[in-house]
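Read the structure below first, then the notes.
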């Protein structure tokens, strides 16, 4: 079995595993579990994380040129470290809506916007869970509910920074730093996509005028050709002054 075959067979099962990972982590943090329930979620998280690590190792081992594969598939390493990002693959359905006829540039921009938005949403949600787990019981913490965590994550990723909620732990500050980088990257993606759309619309305007002129030329040529066609017998008008021999 080669790496591509392995990837095709395991892609969607791992998406389901990432969903299980996210549900277990959400339940653990939002419900503030303790005792046996917390131990169960810990085992679920550990097993699913191990599955993703094993998948990455197997794909790397099956690759024909491991060094080149490693450089080309850094996203696979990201999925192994952050398993829930695989849920973004579910957004692939939105980029393949039947009946949508998009140019190559528009299709690429659609994928970038859809996947970029999906990654941002997943990262904001994960950051909210992580910072809440780290901050909830810390001395002097201001992020003590899931609503606080969501608000803080949204404010941070947009680089607004109201300052009403501030992490009190090193883990929380580390999450905040990561969200700032995500916000800057997302802003760059939005700007580049908008610029690409404007350029394509501007160039399309010049192209639209040219086919109309060519159409007029073709119509004129067709009329000239029609004038030069011979008149058939049925269409020939007989001279009324002539008499048969």
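Every residue gets a Cβ built from N, Cα and C, even glycine.
TrEMBL: automatically predicted annotations, no manual curation.
The transmembrane segment annotation in TrEMBL covers 12-30 (among others).
What TrEMBL records for 42-62 (among others) is transmembrane segment.
What TrEMBL lists as transmembrane segment is 74-92 (among others).
The transmembrane segment annotation in TrEMBL covers 112-131 (among others).
Counted with DSSP, the domain 'Potassium channel' (121-199) comes out as 57 helix, 0 strand, 22 coil. Feature annotation from TrEMBL assigns domain 'Potassium channel' to 121-199.
Look at TrEMBL and you will find 143-162 (among others) tagged as transmembrane segment.
Taken from TrEMBL, the feature transmembrane segment covers 174-199 (among others). Counting only same-chain residues 6+ beyond the ends of the transmembrane segment (174-199), those with a CB under 8 A from a CB of the stretch are 105, 109, 112-113, 116, 120, 123-124, 127, 130-131, 134, 152-153, 156-159, 167.
Positions annotated as region 'Disordered' by TrEMBL: 225-245.
Same-chain neighbours of the transmembrane segment (12-30): 38, 41-42, 44-45, 48-49, 51-52, 55, 79, 83-87, 89-90, 129-130, 132-133, 146, counting only residues six or more beyond its ends whose CB sits under 8 Å from a CB of the stretch. Looking just at the domain 'Potassium channel' (121-199), the mean pLDDT is 88.
Listed by sequence, the residues of this chain that lie at least six past the ends of the transmembrane segment (74-92) yet keep a Cβ under 8 A from its Cβ atoms are 11, 14-15, 17-19, 21-22, 25, 48-49, 52-53, 55-56, 59, 114-115, 118-119, 122-123, 126. Long-range Cβ contacts of the transmembrane segment (143-162) within its own chain (Cβ-Cβ under 8 Å, at least 6 residues beyond either end) map to 29-30, 120, 123-125, 127-129, 131-132, 135-136, 172, 176, 179-180, 182-184, 186-187.
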